[in-house]
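According to Swiss-Prot:
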BINDING   Gly18, Leu19, Ser20, Gly21, Ala22, Gly23, Lys24, Ser25  ATP binding site
BINDING   Asp69, Leu70, Arg71, Gly72  GTP binding site
Amino acid sequence: MQPDEKEIVKSELLVVTGLSGAGKSVVIQSLEDIGYFCVDNLPPILLPKFVELMGQGNPSLQKVAIAIDLRGKELFKSLIHEMDLIKSNSDVIVDMMFLEASNERLISRYKETRRAHPLNGNGQRSLIESINEERELLTEIKSLANYTIDTTQMKPKELRKRIGDYFNKSNVQTFNINVTSFGFKHGIQMDADLVFDVRFLPNPHYVDELRPLTGEDEAVYKYVMKWKETNIFYEKLIDLLKFMVPGYKKEGKSQLVIAIGCTGGQHRSVALAKRIGAELNESFDYNVYVHHRDAHVESGVKHKDEKN
C-alpha cells in the first residue's frame, strides 16, 4: 500500500427479519446501542437505493441494520429479488438475520402484549392461523439468512447478550459456532444446523445422587465421560465437525449452530456440549459459544451462557 493510500473499509448492512413476536425490536434496539444506524420496517423495494447511499462512503451509514416484516405484505414479496440485487453490490457487505420461535412461545408473547398479529388486522382469524401463515410465507426468506436465532427459550436480556456477542466487534469478519445442549422432551433446537442425539448413552438420571445435578457438575461430567461408547462417539463426532466446519465457513455462513440433545437436556447433552465446545475452541480461531438451553428447566439451576 502506498503511503497516501487509505485502506477501504466496506459498509455493512444487516437485514433483520423473521416471525412477528420473535424479537426483532429487541435486536434493533441492541444494534442501535452498539452504534448501528437502524431503520424499522423499510419497504424492500427501497433496499437497493439505500445500499447505493451506503456505498457512497457516508460515515454515519458505515454499519446499518434494517428490520423488515410482513406488515406490508404485498411489498414484502419482493424481498428475495431485492436481496439478490443488493448482494451484487461489491461496496457493501450484506447479511441477513432471521428470528424464529415456537408457536407456543409466540402465542404467549402476544397474550402478554395484547397486540394483534400483523396478518390479523381485521380480527377474522385465530392467532395460531396467522402465525402458521406467516411461518409458511417466510420459509424461502429463512433460507437466505446467514444468522438464524431461535428465541423460544430466550429472555430479552439473553437475546441482547447474543447480539452483543455477535456484532459488538471491529469490522473484522468473524465466524461464530454455537454449541447448544437441549432436551428432546422440551422440543428440538429450531435454529440448529446440525443436531446430534445422545440418548443412546448411559443416563445419570438413574443414579440418585446425580439426578438433581447437571452436566456442568464434575460428578455428572465424569460419569458421562467414563463410558467407552461416550468416548468413541465423541472422537467420531469431533473428526466429523473438524471436517465440516471449514466447509460451512467457506460457503459464506456467519454462524454454525450445533445442537446436542438428550431426553431432558440436563445431563448427557450438557456434558457433551461442554466438551465439544472446548475442543472446537482449541481447534479453530473462531468465536465458540456454549449454551445449555434446558438444564435449568430440569434441575432448577439457572443456566448461563459460556464463551470459550
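Here the Cβ of each residue, glycine as well, is placed from N, Cα and C on the backbone.
The structure, with features from Swiss-Prot marked on it.
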residue : record           : DSSP class
Gly18   : ATP binding site : strand
Gly23   : ATP binding site : coil
Asp69   : GTP binding site : coil
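Between the binding-site residues Gly18, Gly21, Gly23, Gly18 has the most other Cβ atoms inside 10 Å of its own Cβ, all protein chains included. The ATP site is set by Gly18, Leu19, Ser20, Gly21, Ala22, Gly23, Lys24, Ser25; from the centre of their CB atoms, other residues of the chain with a CB within 8 Å are Asp69, Leu99, Ala101, Thr151.
Within its own chain, Leu19 (ATP binding site) has Leu99, Glu100, Ala101, Leu106, Ile131, Glu134, Arg135, Leu138 as residues 6 or more apart in sequence whose C-beta sits under 8 angstroms from its own. Cβ-based crowding with a 10 Å cutoff singles out Ser20 as the top-ranked of the binding-site residues Ser20, Ser25. Between Leu70 (GTP binding site) and Gly23 (ATP binding site), the C-alpha separation comes to 14 Å. Annotated pair Gly21 (ATP binding site) and Asp69 (GTP binding site), C-alpha to C-alpha distance, rounded: 11 Å. Recorded residues Lys24 (ATP binding site) and Asp69 (GTP binding site) have their alpha carbons 9 Å apart, per Cα-Cα distance. Note: the CA-CA distance between Ser20 (ATP binding site) and Asp69 (GTP binding site) rounds to 7 Å. Taking the Cα atom of each, Gly23 (ATP binding site) and Asp69 (GTP binding site) are about 12 angstrom apart. Other Cβ atoms within 10 Å of the Cβ of Asp69 (GTP binding site), summed over all protein chains shown, number 19. For Ala22 (ATP binding site), the Cβ neighbour count at a 10 Å cut-off comes to 25, with all displayed protein chains included. Of all the binding-site residues in the list Gly18, Ala22, Ser25, the shortest Cα-Cα distance to Asp69 (GTP binding site) is found for Gly18.
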